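Student: Right, I'll just put the structure down here and ask away after.
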């Protein structure tokens, strides 16, 4: 058992570290301008929505039934809606106001830029939390796959690694823009990937002895609700403000299509009796 856990941990680290590769793609380039940041935030929002609706919520509905799956999903929405009402958020001035303030003086422009960066940083942290919650069950899948055989575990770990690279980009990009720190962007993206080996440890030593599969699926459905709420509440308004609604919506659907394709190729690498 211990050797199998060690193999699963090593394989999950391959997938987890791939978020660092996504972060490297971001930090080797210059920080984007506001319009490009808005488009990339829209793309990241598409990734998050696809994970939420087509992966986590979809699995909960299939496993628990329509009613229970929806109850778990909206429990996550309501819970984080309440939490968000207590989180102080920096006010975000429209882009047109930014130009006006810059004309009035450097001080107003600097204050506005600080507000933009605080809002973007909050969005980056939200993305990191969402990606971490998504990576957690992937670690579980790597462990269960490696239990079936090394070949299954390796194929699954490589598929997840490719799937995690754009997630690293989605986490690192807003953090890099907000902090201008390559190290902070790399660190947060890498930490979000470490949820994967954590999933291996949890499933190896706690599951299924202390957590029923039905409760686990329900909790993951709630995670889908949390991610959907945070995406629509935090990331989409930011993308609309910086890149405009029409361009941002295109970026959202591009992100959804990309993640859906990624989830498909990930699913076909799994054995028939194992699913994420």
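Using N, Cα and C of the backbone, Cβ positions are placed for all residues, glycine too.
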Student: Taking 100-118, 252-270 as the choices, which stretch does TrEMBL tie to transmembrane segment?
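Tutor: Feature transmembrane segment in TrEMBL: residues 252-270.
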Student: Output the single range from 6-27, 39-57, 69-87, 120-136, 219-240 maximising the number of Cβ pairs under 8 Å to the transmembrane segment (156-176).
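Tutor: The listed stretch sharing the most Cβ pairs with the transmembrane segment (156-176) is 6-27.
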Student: Which one, 39-57, 69-87, 120-136, 219-240, 252-270, has the most C-beta pairs under 8 Å toward the transmembrane segment (6-27)?
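Tutor: It is 120-136, which has the most Cβ pairs under 8 Å.
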Student: If you count Cβ pairs under 8 Å, which stretch among 39-57, 69-87, 219-240, 252-270 touches the transmembrane segment (120-136) the most?
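Tutor: It is 219-240 that shares the most Cβ pairs under 8 Å with the transmembrane segment (120-136).
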Student: Between 39-57, 69-87, 252-270, who has the most Cβ pairs under 8 Å to the transmembrane segment (219-240)?
Tutor: 39-57
